[in-house]
Amino acid sequence: MGPVSTSRRGLRLGISLILLQVGVVGACTVSVLQPGYLEVDYTSQTVTMECTFSTTGCPAVQPKSLWFRCGTHQPEALCLDGCRNEADKFTVKETLDQNRVSLTVNRLSPNDSAIYICGIAFPNEPVPTAKQTGDGTTLVVRERLFSREVHSLLIVLLALLAVYVTGVCVIFIVLFRSKSNTPRSRETKEDSKKKSARRIFQEIAQELYHKRYVETSHQPEQDGNYENRKALPSPGRP
């Protein structure tokens, strides 16, 4: 942060010298505000940087706005002629009654990356505070990494990937539910088989018990008949 702040101070000193040429140093206070950073894609074609200011103790006259660009070279004054034509590289729009000015960079290219500084000056005021600059807006113009065709293709691929992932999730859920239901069905079948086997076993046991009961009930009757036959005299014997 040290070297950057030092370089910016040097830039502001150099720009202040340019502002001093606009009017004699001498009575009001101006404060200038700018966004510190702005990053755009060069395919945007245009970019606008805003600058707002406030005044204290200054006369009721319109101040003069100036723009400077600081790149790899010395500070460069922009739009000294006003830059009112939108066909130009730079276009300045002033709304001084609202304390607002803006600079639009047309036909963007990566070479437009620089620090753009807004300056507001009351030329007829003798004090240095009547001529002030903002801290500057660092504009970064990025080259587009992909063409429109590649960008569209990536969107389509992402959509297909989303559909594929959704389908896989649905299949996984269905398989998981079917597997969780299979053991239950198997248990139900095994339980029914066990119940039917128990029922058959009980029926066989009841049948055997019934037969045994019938046999045991007939056995005393047969024994009684046999004894009665022995007790009876045989015919033909005196």
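Note: Cβ is positioned from N, Cα and C throughout, glycine not excepted.
Between Cys118 and the candidates Cys28, Cys51, Swiss-Prot records the disulphide pairing with Cys51. Long-range neighbours of Cys118 (disulfide bond) (same chain, six or more residues apart, CB within less than 8 Å of its CB): Val32, Gln34, Met49, Cys51, Phe53, Ser65, Leu66, Trp67, Val101, Leu103, Thr133, Gly134, Gly136, Thr137.
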